[in-house]
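Report on one structure; see the data block that follows.
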Amino acid sequence: MTRLLGLPTARSTAHRYRAALILGCLATFVAMLAYAGPLGNAVVLDRELAAGPQGAIWILSAMSAGLAASLLVVGILADDYGRRRVFRWGAVVFAIGAVLAAAATDVLMFVVGRVVQGAGAAGLIATAVPLINAAGAGNPQPARTARWWGATMGAGIAVGPVLTGVLDLASAWRLFYAGLAVAALLVAAAGNRVFSAEPDTRPRRPDLLGFGLLLATLTSLLTGLVELRGAGGGVAWVLFIAAALFGAGLVASQLRRTVTLLDVALFRHRPFIGVTVAGFATGAGVIALMSFCCTFLITELSLSSLQAGLVLAVWSGTSALTAIVSGRRSGSVGPGRLIVGLVGVSAGLLLLLNVFAPVSPAELLPGLLVTGAATGVLNGSLAAQSVATVPADRTAMGAAANNTVRYLGASIGVTVISVLAHPQAGAVAGWRLVAALGAGISVVGAVAVAVLTARSARHLGRCQ
């Protein structure tokens, strides 16, 4: 009877959900592949593009800056104008950025391409989880979505540096970005077929002032953080002042205007604040330290970029496997798993203190394994809670907000690490200092999440 009436059957819903899960996770994998790729061949890129010290910093930071600056704006637009539309356009913009990077003849063109890639990746990351969940609306499986999405985050970060390192053996670094462009265009084409069209609704009137102030605030802040890591201290502080002024204007506009970017009530919703704090602690703690890890391995252990990428894959690969296994063994994706993940990350980072000069990569393996397992728990839980703690029509914004604070935290963390690690008397002392700092940030994040969610945990329920 359901077929005669044209209604979706359980089988067709399951098929549609699986297709959406595969495509959404594939898009996330491609985005993370691009994000982590330069970690595996930064030395080659610096040489080929004649980057110089400041250019080398931008090669590693450009996509992260473009991603973090764009995510929240893109998420809001997706909720208002269609997540499928933003997903497709995000993939196209990502492909354009990849082409620019592949064709780059100097560091400026490469950095511009990477920033554009970041803006495009924002469209993929902000919409993937909401689109997957919408495809399974007849039989919702948020825990399954979260664990596979979290796994592909880790898998992309694991494979990216290794793939670029392998391509460097054949002097084919441009092929990496050409391949990303092709993959993104295929994702864009598939998005129109796999994801369901959303009902036509009248979008909210756009808050153009809010959009402008938000972009200006994040762009100024993130650019200042990147400049501070190099020789651009004076420029950085000018940008920080500009970010503060733009940010103050943004807050004032959101409090006084009737048309706003965000529902101010969300900032009184403790579960939303809790998952936001967890996202920031994840970025400022484990992601920042792992971003520095490749530099430490190359400069202090004299590993090649490929060897450093393989060592880093112990962390990211373990996180991918754990995201799948832990989510399957437990149906709960509530705030308790955020706390467990952050505490586990702290324990793993403390294990990374156990290094002695001359450092061997083997000394890092126990800490990388424990940290990777805990990161896998975090990735899936953050994905689930970021959309579970916002209204159903704001899920792209929820996913985008959480990823924004994650990458903003990572940018702040990497900047702090670059300032603290290098002036130390020895490389090992600097490594221990920043590992201890990351562990402390993770513990503080866990405590904050516990306090914020204690009163509302019973109302969040369990996702099956």
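Cβ atoms are placed via backbone N, Cα and C, with glycine included.
Annotations in TrEMBL come from automatic prediction, not curation.
Annotation source TrEMBL lists domain 'Major facilitator superfamily (MFS) profile' at 20-457.
Sequence annotations record features per position, and here TrEMBL assigns transmembrane segment to 20-37 (among others).
The transmembrane segment annotation in TrEMBL covers 57-77 (among others).
For the transmembrane segment (89-112), the residues of the chain that approach it from at least six positions outside its boundaries are 27, 30-31, 34, 45, 49-52, 55, 58-59, 62, 66, 74, 118-124, 126-127, 174-178, 180-182, 184-185, 187-188, 191, judged by C-beta separation under 8 angstroms. As annotated by TrEMBL, transmembrane segment applies to 89-112 (among others).
Tertiary neighbourhood of the transmembrane segment (118-136): same-chain residues 13-14, 16-17, 19-21, 24-25, 27-28, 30-31, 34-35, 62-71, 73-75, 78, 83-84, 86-87, 89-97, 142, 145-146, 149, 184, 187, 194-196, 198, 383, 386-387, 395-397, 399-400, 403, selected by CB-CB distance under 8 Å and a gap of 6+ residues from either end. Annotated transmembrane segment per TrEMBL: 118-136 (among others), in sequence order.
Residues or ranges marked as transmembrane segment in TrEMBL: 148-169 (among others). Residues 21, 24-26, 28-41, 44, 128-129, 132, 175-176, 294, 304-310, 312-313, 316-321, 323-324, 327, 372, 375-376, 378-383 of the same chain, all 6+ positions outside the transmembrane segment (148-169), place their C-beta atoms under 8 angstroms from a C-beta of that stretch.
The transmembrane segment annotation in TrEMBL covers 175-196 (among others).
Feature annotation from TrEMBL assigns transmembrane segment to 208-228 (among others).
What TrEMBL lists as transmembrane segment is 272-298 (among others).
The annotation transmembrane segment is assigned in TrEMBL to 304-326 (among others).
Residues or ranges marked as transmembrane segment in TrEMBL: 338-358 (among others).
The transmembrane segment annotation in TrEMBL covers 364-384 (among others).
The feature transmembrane segment is assigned by TrEMBL to 429-452 (among others).
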- Message: Applying the under-8 angstroms CB criterion, which one of 175-196, 208-228, 272-298, 304-326, 429-452 scores highest with the transmembrane segment (20-37)?
- Response: 175-196
- Same-chain residue ranges lying at least 6 outside the transmembrane segment (208-228) that approach it to Cβ under 8 Å: 54, 57-58, 61, 64-65, 68-70, 72-73, 76, 235-240, 242-243, 246-247, 249-250, 253-254, 257, 259-261, 404, 408, 411-412, 414-415, 419
- Query: Have the transmembrane segment (304-326) and the transmembrane segment (57-77) got at least three CB pairs under 8 Å, pairs 6 or more apart in sequence?
  - Reply: no
- Query: Do the transmembrane segment (429-452) and the transmembrane segment (175-196) share at least 3 Cβ pairs closer than 8 Å, excluding pairs fewer than 6 residues apart in sequence?
  - Reply: no
- Message: If you average per-residue pLDDT over the domain 'Major facilitator superfamily (MFS) profile' (20-457), what number do you get?
- Response: 87
- In the same chain, residues at least 6 away from the ends of the transmembrane segment (57-77) whose Cβ sits under 8 Å of its Cβ atoms read 34-35, 38-39, 42, 45-46, 49, 51, 86, 90, 97, 107, 110-112, 114-119, 121-123, 125-127, 211, 214-215, 218-219, 222-223, 226, 229-230, 261-262, 291, 396-401, 403-404, 407-408, 410-411, 414
- Task: Using a Cβ-Cβ cut-off of under 8 Å, list the residues of the same chain that are 6+ residues beyond the ends of the transmembrane segment (338-358) and lie near it.
- Result: 274-275, 278, 281-282, 285-286, 289, 364, 366-375, 377-378, 381-382, 385, 426-428, 431-432, 435-436, 438-440, 442-443, 445-446, 449-450, 453
